[in-house]
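Per TrEMBL, the features are as follows:
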- 6-117: domain 'Tetrahydrofolate dehydrogenase/cyclohydrolase catalytic' (DOMAIN)
- 136-283: domain 'Tetrahydrofolate dehydrogenase/cyclohydrolase NAD(P)-binding' (DOMAIN)
- Gly162, Arg163, Ser164, Ile228: NADP(+) binding site (BINDING)
Amino acid sequence: MSGNLIDGKQVAARLRNDVAVAVKSLAVTPTLAVVLVGDDPASHVYVRNKIKFTRETGMNSVEQRLPADTSEDAVVETVRALNADPDVDGILVQLPLPDHINSNRVIAEIDPDKDVDGLTEVSAGRLLLGKSGLRPCTPTGCVILAKETLGDLTGKHCVVIGRSILVGKPTALLFLEQNCTVTIAHSRTENLSIVCRGADILIPAVGRPNMVKADWIKAGACVIDVGINRIEDASRKSGTRLVGDVDFAEAEPVAGAITPVPGGVGPMTIACLLRNTVLAACARRGLAVPDGLAI
Ligand SMILES: NC(=O)C1=CN([C@@H]2O[C@H](COP(=O)(O)OP(=O)(O)OC[C@H]3O[C@@H](n4cnc5c(N)ncnc54)[C@H](OP(=O)(O)O)[C@@H]3O)[C@@H](O)[C@H]2O)C=CC1
Ligand SMILES: Nc1nc(=O)c2c([nH]1)NC[C@@H]1CN(c3ccc(C(=O)N[C@@H](CCC(=O)O)C(=O)O)cc3)C=[N+]21
Ligand SMILES: [Mg+2]
């Protein structure tokens, strides 16, 4: 790996180890429940990794796999049953849900104290108001990688491209909490490349392969690429490969530090999900948060 690569895989492995140590120190074994509706193969990979790492860190993993034609009411009932189960500490509903299901209604059913994705109105409100609560995983992973690279983030100009509920908006708020000067760019932003070139920390979260070019990046900037895009690649056995939103080959020589895809933010998302499960278990059960889980 070249000198300016941010090794998300390694940082995530370290965080998972901290989670495993924390789990051992607890009198209880935290449980993470995943609700998966339908048969999207990409989701299956993600869920398989979550299950594997949940067990590897010493926690219990519960899966609710429902067929794609499950009714909205049935998904809501599944969430309610997990809310009511005192052994379940974290609930993750894999998005996107099939088109016939209103995901807002399903997410609104999640007990905020078990909301390890940080997606409920209560979690979002706590984040906005600066109160303690469960923070979204991918944004938390981005903050950890930025701090790992730059140390204190105070005063840095952070440009987030994207304003989704899952990634862009909470990412902007978490970097604001780190005393960054934050710009949120999106599909209606004018002069996007110039806005991006002002960033000390650039965080594309769009879903467009190779969108961010070398001349969008200030020399020496820290680039944290959230995008995960599957593109065709005839040279691969699978016929496809994963790329981010950044044109990596162009950007890497300009950036001071940059995350690869895969091996950047993705593994951090899962590690932060596990961390949130421990935090939820401690809060729900009135236990002190073990050392080593602070950011
Ligand atoms: N690494 C990880 O762990 C994770 C990665 N992802 C990946 O991150 C990416 C974003 O995910 P998500 O936020 O859910 O996606 P959404 O589609 O919900 O949001 C995309 C955002 O990008 C903006 N956008 C779209 N086109 C442009 C453009 N041409 N210029 C500037 N902004 C644009 C949209 O703006 P507008 O609001 O104006 O439409 C929107 O705010 C995807 O590739 C996804 O796969 C997602 C979750 C976790
Ligand atoms: N409620 C909900 N919460 C989410 O956080 C959520 C979601 N729904 N729906 C889908 C997106 C996507 N997402 C990923 C997380 C990790 C990897 C990941 O670990 N990627 C590896 C590689 C994976 C591979 O090789 O296929 C990497 O980037 O290195 C990918 C994608 C979470 N999401
Ligand atoms: Mg224990």
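Even glycines carry a Cβ here, placed using N, Cα and C.
Unlike curated records, TrEMBL annotations are generated automatically.
Counting residues per DSSP class in helix, strand and coil order gives 57 helix, 18 strand, 37 coil for the domain 'Tetrahydrofolate dehydrogenase/cyclohydrolase catalytic' (6-117). A simple Cβ count within 10 Å picks out one of the binding-site residues Gly162, Arg163 as the most packed, and that one is Gly162. The record assigns Gly162, Arg163, Ser164, Ile228 to the NADP(+) binding site, and the maximum Cα to Cα distance across that set is 16 Å.
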